[in-house]
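Novice: What Swiss-Prot records for this protein is below:
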{"type": "BINDING", "residues": "35-42, 62-66, 80-83, 147-150, 179-181", "note": "GTP binding site"}
{"type": "BINDING", "residues": "Ser42, Thr64", "note": "Mg(2+) binding site"}
{"type": "DOMAIN", "residues": "27-198", "note": "domain 'EngB-type G'"}
Amino acid sequence: MAEEFLNTHNASILLSAANKSHYPQDDLPEVALAGRSNVGKSSFINTLLGRKNLARTSSKPGKTQLLNFYNIDDKLRFVDVPGYGYAKVSKTERAKWGKMIEEYLVTRDNLRVVVSLVDFRHDPSADDIQIYEFLKYYEIPVIIVATKADKIPRGKWNKHESSIKKKLNFDKKDHFIVFSSVDRTGLDESWDTILSEL
């Protein structure tokens, strides 16, 4: 349980950054959270930290346009990466986000693992596959978290998991976690897996 190692409720947003000159300058380990717009990233953060509105959930996808750094008990940081795959964002804007995300993922020494969130209800998008391949190429540790599990009958979970893994060309050495912010499925497993990567 995470509570043995850190007070997960002692969390706050630290800063938002557009480039590396704005990143926190210390050696705290960081966990990046990446995923499509409206995949449930904010809900995932809020559920893990036992807070309702620390990470703002948005009905307007693509609202997170900066890297948002969250301080957790002065021992760990979550880094909320801008949601990708939002159609109404211009190509220029998407390219800018892509460059910002890439710079962080490839150059940040503090980064320990990326939690890549996918929607459990659907096959991974081209963007989901691309970011997974990117992380594998650069040998960045990755945890796949399949969100919104409460929307699928438990009897169909294996089928959905197999389909997602096949489309991603999933590496068996990586972790795959089924998660729901509604009934907290996967909460302890998420924390245990994240902490094992630090």
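Heads up, the Cβ atoms here are built off N, Cα and C, so glycines get one too.
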Novice: Take the domain 'EngB-type G' (27-198) and average the pLDDT across it for me.
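Specialist: Summing pLDDT over the domain 'EngB-type G' (27-198) and dividing by its length gives 90.
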Novice: Where does Gly35 (GTP binding site) sit by DSSP, helix, strand or coil?
Specialist: strand
Novice: Please report the distance from the Cα of Phe179 (GTP binding site) to the Cα of Ser42 (Mg(2+) binding site), rounded to the nearest angstrom.
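Specialist: If we compare the Cα positions of Phe179 (GTP binding site) and Ser42 (Mg(2+) binding site), the gap is 13 Å.
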Novice: Only counting partners 6 or more residues apart, tell me which same-chain residues put their Cβ under 8 Å from the Cβ of Gly35 (GTP binding site).
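Specialist: Same-chain residues close to Gly35 (GTP binding site) (Cβ under 8 Å, separated by 6 or more) are Lys41, Val81, Gly83, Tyr84, Ser116, Leu117, Val118, Asp128, Thr147.
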Novice: Which number gives the other C-beta atoms within 10 angstroms of the C-beta of Pro82 (GTP binding site), all protein chains shown included?
Specialist: 23
Novice: Among the binding-site residues Lys41, Lys148, whose Cβ has the fewest other Cβ atoms within 10 Å?
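Specialist: Checked Lys41, Lys148; of these binding-site residues, fewest Cβ neighbours within 10 Å: Lys148.
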Novice: Among all the protein chains here, how many other CB atoms are within 10 A of the CB of Ser42 (Mg(2+) binding site)?
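Specialist: Taking every protein chain into account, the count is 22.
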